[in-house]
Amino acid sequence: MAEGFAANRQWIGPEEAEELLDFDIAIQMNEEGPLNPGVNPFRVPGITEAEKQEYCNILQPKLQDLKGKIQEVKLEEGNAGKFRRARFLRYSDETVLSLIHLFIGYCPHLCRRHELGSLRHDIDIEALQEERYNDREKGITDNIKYGKRCLIGTAVLYLLLSLGIIIHTCKAQVVWRLPPLVVPVEESEIIFWDCWAPEEPACQDFLGAMIHLKASTNISIQEGPTLGNWAREIWGTLFKKATRQCRRGRIWRRWNETITGPLGCANNTCYNISVIVPDYQCYLDRVDTWLQGKVNISLCLTGGKMLYNKETKQLSYCTDPLQIPLINYTFGPNQTCMWNTSQIQDPEIPKCGWWNQNAYYNSCRWEHTDVQFQCQRTQSQPGSWIRAISSWKQRNRWEWRPDFESEKVKVSLQCNSTKNLTFAMRSSGDYGEVTGAWIEFGCHRTKSKYHTEARFRIRCRWNVGDNTSLIDTCGETQNVSRANPVDCTMYANRMYNCSLQNGFTMKVDDLIMHFNKTKAVEMYNIAGNWSCKSDLPPTWGYMNCNCTNSTNSGTGIRMACPRNQGILRNWYNPVAGLRQSLEKYQVVKQPDYLVVPGEVMEYKPRRKRAAIHVMLALATVLSMAGAGTGATAIGMVTQYQQVLATHQEAIEKVTEALKINNLRLVTLEHQVLVIGLKVEAMEKFLYTAFAMQELGCNQNQFFCKVPSALWERYNMTINQTIWNHGNITLGEWYNQTKDLQQRFYEIIMDIEQNNVQGKKGLQQLQEWEDWVGWIGNIPQYLKGLLGGILGIGLGMLLLILCLPTLVDCIRNCIHKILGYTVIAMPEVEEEEIQPQMELRRNGRQCGMSEKEEE
């Protein structure tokens with residue numbers, strides 16, 4: 001072939017070959033960017049003449065072809081050129097490979113890599129080839145063909161995956177955590193409650209400033225237990241709170257008493273009673289206004305439960321302010337009576353019809369108090385005269401001081417009334433066995449020049465005397481035995497003597513408490529000249545009954561009706577009154593979770609983060625989201641997250657309103673309550689934390705999917721007919737799917753009990769504590785010193801190891817900034833380096849100046 005070239009063509013030498021290869025490289029680089037044009041071998045540094053001649057022999061056909069192209073082929077704009085063709089093929093190969101790596105993977109490429117990017121023409125044909133290609137010829141390469149197949153196959157694959165996900169989602173069950181729904185509590189559930197009363201020390205342990213946070217709603221709640229079901233427990237707890245400070249203080253007297261039965265102590269009929277007599281000074285200071293009902297008390301629920309007012313259709317955490325007297329009263333709040341006594345099963349329900357001798361009081365009605373009492377004290381016996389310390393304006397004077405330590409002292413007041421009052425007297429007294437008939441009313445002495453401000457609760461016993469006082473006999477009929485007189489009328493504007501009650505006994509649970517009132521006279525200086533006007537609460541009244549004489553004839557003289565009407569004494573029952581006030585409050589709760597179909601996930605907004613004060617503003621949720629009978633389950637899902645976003649704004653507005661009113665204490669109470677409710681919500685939300693993590697649900701998600709294996713194992717199939725694509729209220733859905741909620745609770749309990757991962761985690765934590773437990777015994781300063789030494793040593797070690805890499809990184813950055821390009825030179829063994837070797841750089845010989853080379 002060399003002879004053929006020599007006969008027909010001129011031999012191309014090294015110099016011309018170098019120029020032709022430079023031209024070839026330039027052509028490749030000028031056509032739409034570089035295509036890895038390669039290196040001109042004649043410009044390799046250190047090449048010898050013999051090597052150049054050898055290159056010329058090897059590349060002679062290539063060089064002749066290049067020379068022919070320069071002479072024959074005219075490069076026009078429409079001529080694509082084979083380099084542009086090769087560039088198209090290579091770029092298309094890269095595109096297809098990228099798609100394959102992206103959608104399918106690298107394994108199919110390794111199996112069929114020999115078919116990708118191959119040309120469909122013979123490059124050894126010597127005939128001049130037309131350098132024009134149409135679109136059809138461009139489209140016959142394997143890379144484009146397989147690229148189309150890859151695109152279609154990937155689309156089909158993703159379509160199948162999408163269908164599978166949709167089908168799986170349709171079958172999934174979703175747990176809606178803390179749904180905007182309230183349901184009645186069960187009868188067996190335990191409620192935790194507390195009281196809130198402003199400026200009342202016995203009730204300050206619960207700061208309920210948010211009692212006014214209410215929202216109207218038309219939600220229909222099925223009947224459940226009311227707060228009145230716990231009236232007895234609430235009353236007992238309130239009384240303990242009211243007397244807590246007194247029971248902590250001094251004990252006036254303590255004794256043990258044995259009550260024997262009809263047969264003595266036979267058959268275990270003896271009862272040992274421990275009686276505690278607290279100091280009445282504490283009672284009068286801290287509890288008197290409470291027992292009178294002057295303090296407005298609100299009962300508040302804790303533990304995430306709320307109150308639903310069946311009259312106002314409102315939700316709240318606390319009741320409206322209530323006046324709760326803790327002992328029996330003649331004057332007190334309104335209390336409903338039951339007439340058909342045969343149907344009364346609860347002994348606490350008041351029976352507003354009773355017999356006393358021949359008199360039968362019935363047809364009772366509550367009347368508002370429109371009467372005032374005026375009382376004054378002039379003198380009491382025994383006692384002594386003492387000389388009062390005088391000032392320079394006054395002369396020395398003597399004042400009477402009673403002997404308060406004497407048991408003979410009997411303090412009496414002279415009182416009159418502004419209205420005729422006929423009292424139906426009977427033997428029953430306060431809670432417990434207290435004999436005598438007492439009538440009580442509050443008295444308040446205003447501050448004057450000679451008297452300080454004082455409040456005293458007067459309780460008079462009118463059936464003690466020897467017919468010498470004006471009202472002690474309290475009746476005109478004589479010889480009445482084993483019963484109090486019935487004719488006990490207090491006429492208007494007539495002065496009566498009133499013997500003060502010196503004590504009374506109350507029983508709370510198993511504790512019998514006796515309150516001694518003898519010290520009260522000394523405390524409020526009643527022994528001196530003392531007068532007052534009654535200050536009964538304006539909302540109080542009394543029970544006025546009709547009196548009918550019995551037709552039954554009995555032995556002895558029995559009292560008949562003195563008047564056609566009479567006021568029941570000790571009529572008000574505190575437990576029954578509290579129960580009546582609380583019957584309108586139904587105890588409800590927010591469910592921890594609600595099992596719904598996976599369809600709700602399609603309507604769920606993007607915001608997934610849960611507001612931690614969801615419990616605080618649940619009433620706002622219900623009112624704003626419209627949780628009434630017209631709100632469907634799907635509609636609640638779409639609006640729930642939007643409502644949650646407004647909670648913080650609502651709380652800030654309430655706080656700002658409190659600040660405007662300068663209620664600093666209430667603002668502090670509000671903040672404390674918010675923190676407490678947040679803690680309750682956090683505890684409720686994290687109650688099933690481990691189980692929810694096993695289900696793939698964290699604490700910031702409201703909607704969590706239940707794995708299909710679990711709901712199939714526990715048979716949690718949802719009735720799609722009842723669901724009806726969400727066209728059902730949440731309340732109806734909850735009531736009809738209680739079995740689903742119970743089964744999900746079983747799932748949580750099983751996961752909690754069988755949490756092997758949790759046990760392993762605790763075991764690993766214990767092992768880790770055993771390994772590093774000795775650190776806790778090291779003093780704090782030694783820990784700091786040891787930590788500093790270890791930190792410095794570790795930093796120096798990292799600096800030594802990473803220093804070369806850091807230097808190279810800095811050098812490369814500097815080269816990039818200055819525009820240098822780093823070229824990696826091939827390694828040459830030292831014995832091959834010759835001193836006479838000439839190195840060419842950019843077409844010049846190394847070691848020669850430009851002038852010498854010219």
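Please read every residue number as a count from 1 along the shown chain.
Quick reminder: no glycine exception, Cβ is built from N, Cα and C everywhere.
Since this is a predicted model, take the numbers as computed values, not measurements.
Record note: of ASN218, ASN467, Swiss-Prot gives the feature N-linked glycosylation site to ASN218, with no matching annotation on the rest. Looking at ASN516, ASN727, Swiss-Prot tags one of them with N-linked glycosylation site, and that residue is ASN727. Looking at 90-108, 660-678, 812-830, the range tied to region 'Immunosuppression' in Swiss-Prot is 660-678. Annotated range for transmembrane segment in Swiss-Prot, selecting from 154-174, 784-804: 784-804.
Among the ranges 31-67, 549-585, 734-770, the one that Swiss-Prot lists as coiled coil is 734-770. Cβ neighbour density within 10 Å is lowest for ASN420 among the glycosylation sites ASN416, ASN420. Note on the coiled coil (641-691): mean pLDDT across this stretch is 51.
All protein chains shown were included, and the count of other CB atoms within 10 Å of the CB of ASN719 (N-linked glycosylation site) stands at 11.
Of the recorded residues, ASN416 (N-linked glycosylation site) and ASN549 (N-linked glycosylation site) place their C-alpha atoms 29 Å from one another. For ASN735 (N-linked glycosylation site), the nearest of the glycosylation sites by C-alpha distance turns out to be ASN719; the candidates were ASN420, ASN549, ASN715, ASN719. Under the three-state DSSP scheme, ASN416 (N-linked glycosylation site) falls in the strand class.
On the backbone, the CA of ASN420 (N-linked glycosylation site) and the CA of ASN549 (N-linked glycosylation site) stand 22 Å apart.
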